[in-house]
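Asks: Got a structure for you, questions after.
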Amino acid sequence: MTDTTILQNNTHVIKPKKSVALSGVPAGNTALCTVGKSGNDLHYRGYDILDLAEHCEFEEVAHLLIHGKLPTRDELNAYKSKLKALRGLPANVRTVLEALPAASHPMDVMRTGVSALGCTLPEKEGHTVSGARDIADKLLASLSSILLYWYHYSHNGERIQPETDDDSIGGHFLHLLHGEKPTQSWEKAMHISLVLYAEHEFNASTFTSRVIAGTGSDVYSAIIGAIGALRGPKHGGANEVSLEIQQRYETPDEAEADIRKRVENKEVVIGFGHPVYTIADPRHQVIKRVAKQLSEEGGSLKMYHIADRLETVMWETKKMFPNLDWFSAVSYNMMGVPTEMFTPLFVIARVTGWAAHIIEQRQDNKIIRPSANYTGPEDRPFVSIDDRC
């Protein structure tokens, strides 16, 4: 037992954190994911994230979450073929995207694109599991198309063809972004990153999706709500801020000196610590290796060395460990991903987890309606309007 966790009936309970509302309070049951049961572990449907990230393509993990099992090779090939065929955008969705200004927040574009798709290809009445899975697959396949169709049209007037022959979601994203097939190394890096971001239990956006699903609403509405929650800087965007921090400096020494001063001044350094993990973020060790490999291949280790030095500084000064976002920033930057697309990439990965939770919440078939602790005044006498001061 540590000062941060307690064990009750063999169940790991997180000691509440003052900065996180409802921290440590169970809000429902799930068979999809466990986070931090031992302080630094993560499992999707019982599988260790380290095994999944090491051995699986992202599409395997998407199938695990959305369809309930790791696919056989034949099932994986069929699933990837299905996703390839779903990358296109209906004409009216493209029209909506063309109307959005270049200054739009990419997360607003994602939200709007999903809403337009939901109007064009609405969920059928009855809300079947198979129908929800089909919508999840359509979104998984076409979110990159939504983002990058808007991006290229709004920035240079180009109407790209969103369908490519790339074998993976990550490869499709990079191909649409850069206009050419990515290297195998970049595609592998995307597989790993998307796997790491795919699911994370009852985080704010996932819980939002479950609350909406619990009302009996459609899949699109639940996903749109989740995107809205992830847009908030207290939930999404940490890897964007992480890169901004890393890019302030020219050398690791400069970075260390400045961050030590900021820590002394009690400034918050984004990219470190976690509301649930108490020992380490298990995803960190994986993405750090990816960041180093990409940096070495790109012939530029500057950002990696700065990030690595600050990892040491934050542990020495605050005993705070880096989370997934810290070296994801380095990885995405080395693949030429614009900073404003970091959180939309989070959406592309997490739509798999959101969809799985929506389906699970529907099967529970209960509306989520918690109580509140009232903190207002009691038993106030009513004063008519003419007598009020």
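Backbone N, Cα and C define each Cβ position, glycine as well.
According to Swiss-Prot:
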type	residues	note
BINDING	K82, H200, R283, R350, R369	substrate binding site
ACT_SITE	H235	active site
BINDING	V268, V269, I270, G271, F272	CoA binding site
ACT_SITE	H274	active site
ACT_SITE	D325	active site
Asks: Taking DSSP three-state, what's F272 (CoA binding site) in: helix, strand or coil?
Replies: strand
Asks: Do you know offhand how many angstrom separate H274 (active site) and D325 (active site) by C-alpha?
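Replies: Taking the Cα atoms only, H274 (active site) lies 11 Å from D325 (active site).
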Asks: Once the chains shown are all counted, how many other Cβ atoms turn up within 10 Å of the Cβ of H200 (substrate binding site)?
Replies: 20
Asks: When you average the Cβ positions of V268, V269, I270, G271, F272 for the CoA site, which other residues in that chain have a Cβ within 8 Å of that mean position?
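Replies: Neighbours within 8 Å of the Cβ centroid, excluding V268, V269, I270, G271, F272: A238, V241, S242, I245, G273, M314, M320.
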Asks: Rounding to the nearest whole angstrom, report the longest C-alpha distance spanning K82, H200, R283, R350, R369, listed for substrate.
Replies: 37
Asks: Within 10 Å of its Cβ, which one of these recorded positions (K82, H274, R350) has the largest number of other Cβ atoms?
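Replies: The residue with the most neighbouring Cβ atoms within 10 Å is R350.
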Asks: If you count Cβ atoms within 10 Å of the Cβ of V269 (CoA binding site), leaving out that atom itself, what do you get?
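Replies: For V269 (CoA binding site), the 10 Å Cβ neighbour count is 20.
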Asks: Roughly how many Å separate the Cα of R283 (substrate binding site) from that of D325 (active site), to the nearest whole number?
Replies: 9
Asks: Report, in whole Å, the straight Cα-to-Cα distance of D325 (active site) from K82 (substrate binding site).
Replies: 30
Asks: Out of the recorded positions H200, H235, G271, R350, give me the one sitting nearest to D325 (active site) by CA distance.
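Replies: Going through H200, H235, G271, R350 one by one, the closest to D325 (active site) is G271.
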Asks: In whole Å, how far is F272 (CoA binding site) from H235 (active site) when you measure between their Cα atoms?
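Replies: Roughly 13 Å, rounded to the nearest whole number.
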Asks: Mind telling me which of the binding-site residues V268, I270 has the densest Cβ neighbourhood, counting other Cβ atoms within 10 Å?
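Replies: Its Cβ has the most other Cβ atoms within 10 Å: I270.
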Asks: At a 10 A cut-off on CB-CB distances, which of the recorded positions H235, R283, R369 has the highest count?
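Replies: Top count of Cβ atoms within 10 Å goes to R283.
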